[in-house]
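The block underneath contains the structure these notes are about, expressed in C-alpha cells.
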Amino acid sequence: MGRYKRPMSLDPAIAAKLKRNDAGLFSAVAQEKSTGDVLMVAWMDDEALARTLETRKGTYYSRSRQQYWVKGETSGHTQYVHEVRLDCDGDSVLLIVDQEGAACHTGTHTCFDTDVLLAAE
C-alpha cells in the first residue's frame, strides 16, 4: 500500500471509545446500505479506521499478511462507506456500504450465503 505516505491518526475522542483485543484489533462488520445484508466481517485497527473515515473506502487489516488492504483495490469489488457506527461495547464497528460486485473473496455477494446452520421458519 505505497500510496499512504504517512500514517493517518484517529481522532483521540474516537480512539478513546474503542476496545481492542491483545493485538490492537477490533472487528468490523460491513452491511449493504440498500438491502441491509451483512456482507462480511474483517479486522481493523486505529489506522484502518482512520483511513476508512478519511477516504470512505472500506480499509481493513489483514492478520495473516500483517498489512492494510482496501476492499476492491485488486478485485474491483469496492465498498463506498456511507456511515460508520460503534457498537455499545466499543469492540466492533458497523460500516454501512455500497458494495460493487462480490463482497466475499470466494466471489459471492456476501460471506454469509453458503452455510445456513438454521434456516428461517
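Note that the numbers count up from 1, one per residue, in the order the chain is shown.
Any Cβ shown, glycine's included, is placed from N, Cα and C.
Pulled from TrEMBL:
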BINDING   Asp87, Asp89, Asp91  Mg(2+) binding site
BINDING   Cys88, Cys104, Cys111  Zn(2+) binding site
DOMAIN    40-112  domain 'Phosphoribosyl-AMP cyclohydrolase'
| message | With an 8 Å cut-off on Cβ distance to the Asp87, Asp89, Asp91 Cβ center, who else from the chain surrounds the Mg(2+) site? | response | Lys19, Phe26, Leu86, Cys88, Gly90, Ser92
| said: For a three-state summary based on DSSP, what are the helix, strand and coil counts in the domain 'Phosphoribosyl-AMP cyclohydrolase' (40-112)? | reply: 10 helix, 30 strand, 33 coil
| request: Summarise the model's confidence over the domain 'Phosphoribosyl-AMP cyclohydrolase' (40-112) as a mean pLDDT value. | output: 96
| At the Cα level, what's the spacing in Å between Cys111 (Zn(2+) binding site) and Asp89 (Mg(2+) binding site), rounded? | 24
| query | Among the binding-site residues Cys88, Cys104, which residue has the largest number of other Cβ atoms within 10 Å of its own Cβ? | reply | Cys104
| note | Taking only the CA atoms, the spacing between Asp87 (Mg(2+) binding site) and Cys104 (Zn(2+) binding site), expressed in whole angstrom, is 23
| Which number gives the other C-beta atoms within 10 angstroms of the C-beta of Asp91 (Mg(2+) binding site), all protein chains shown included? | 14
